[in-house]
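According to TrEMBL, the features are:
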type	residues	note
ACT_SITE	His201	active site, proton acceptor
BINDING	Asp56, Asn119, Val143, Gly144, Asn145	NAD(+) binding site
BINDING	Arg106, Arg112, Asn145, Arg176	substrate binding site
DOMAIN	19-166	domain 'Lactate/malate dehydrogenase N-terminal'
DOMAIN	170-344	domain 'Lactate/malate dehydrogenase C-terminal'
SIGNAL	1-18	signal peptide
Amino acid sequence: MLSKLAVFLYVVLQSAEPVRVLVTGAAGQIAYSLLFGIAKGDVFGKDQPITLILLDITPMLPVLDGVVMELQDCALPLLREVIPTDKEEVAFKDLDAAILVGSMPRREGMERKDLLKANVAIFKSQGAALEKYAKKTVKVLVVGNPANTNCLIAAKSAPSIPKENFSCLTRLDHNRARSQVAMRCGVPATQVKNVIIWGNHSSTQYPDVHHCKVNMAGSDLACFDAVKDDDWLKGAFISTVQQRGAAVIAARKLSSAMSAAKAICDHMRDIWSGTPEGEFVSMGVYSSSNSYGVAEDLIYSFPVHIKDKQWKIVDGLAINDFSRGKMDATAAELVEERDTAFTFLNA
């Protein structure tokens, strides 16, 4: 006989309205690592039914059919429906969350401006589709690179959706920084909190541990006191995090997928459920009215608190000259990217 609790949970699951979640680039390797976590409740809650919408380009539809079959074969209790499509009007309809993974990758011999031009076209179209078809409360996470500028283009192309609903993924960089410190200190990554990624999801990003705490033997220590190697923290640590994506590609001959999928889950789960008291995470968000002197009208990675599905930039953190130089350098790259992209957006 079913317990009263089991009956209650069954009734709740049957009656709850499914969350409609879009993943683009859904036939790709990041999505393949991502979809199972979303469908089994790691992101939106263990009692939240899910409708998954999977968007990819027409030639990838046969591969997408295989992904759908695998999701069906997982027999997941929260997964109500899986909708594969190559049509934006289907993919973006009534969305609660959009995870925009697909983008034009940089090919050998491709100039950066050509990459930006191709991605402006993609994210202008997807932003317009969000504007036309999605709920105005939709939460949009841009993963496809160049993620910060792609996110800005999508937000500009969906003027009636609040800019605060758009963010880009720098959680992978955040997790990489956290892990490097944890390994150096010989503690689990859960014992490291409040690392910061400032700026662009590129090799100019600034992994900052001046406000990081490491729990060792039950006490929270400042990261510099825990690591006891300032040269490493100001040198090899920063370059390791900045170049980690390239190192993975060199080793695997493929870009990060498992770790990217984990970071996407972390990012969206925190948007949905909030961040713990006293902790902050990194995400690329709108720079308007920030207190750190970062130029307006950028998607720039800041430390944020999240509550009730709303992020807020953490204010009042002391910034030394070392940090200021690196924060300004990554902002300059983003301004250049933005200005180049806007010439294509307005063409």
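A Cβ is built for glycine as well, from the same backbone N, Cα and C atoms used for every other residue.
Taking the features listed in TrEMBL, we show where each one sits on the structure.
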residue	record	Cβ neighbours (10 Å)
Asp56	NAD(+) binding site	23
Arg106	substrate binding site	15
Arg112	substrate binding site	12
Asn119	NAD(+) binding site	23
Val143	NAD(+) binding site	28
Gly144	NAD(+) binding site	25
Asn145	NAD(+) binding site	20
Arg176	substrate binding site	22
His201	active site, proton acceptor	29
| message | For the NAD(+) binding site, please report the maximum Cα-Cα distance among Asp56, Asn119, Val143, Gly144, Asn145 in Å. | response | 16
| request: Between the residue listed as 'active site, proton acceptor' and Asp56 (NAD(+) binding site), find the distance joining the two CA atoms and give it rounded to the nearest Å. | output: 23
| request: Take the domain 'Lactate/malate dehydrogenase C-terminal' (170-344) and average the pLDDT across it for me. | output: 97
| request: Count up the helix, strand and coil residues in the domain 'Lactate/malate dehydrogenase N-terminal' (19-166) according to DSSP, in that order. | output: 66 helix, 28 strand, 54 coil
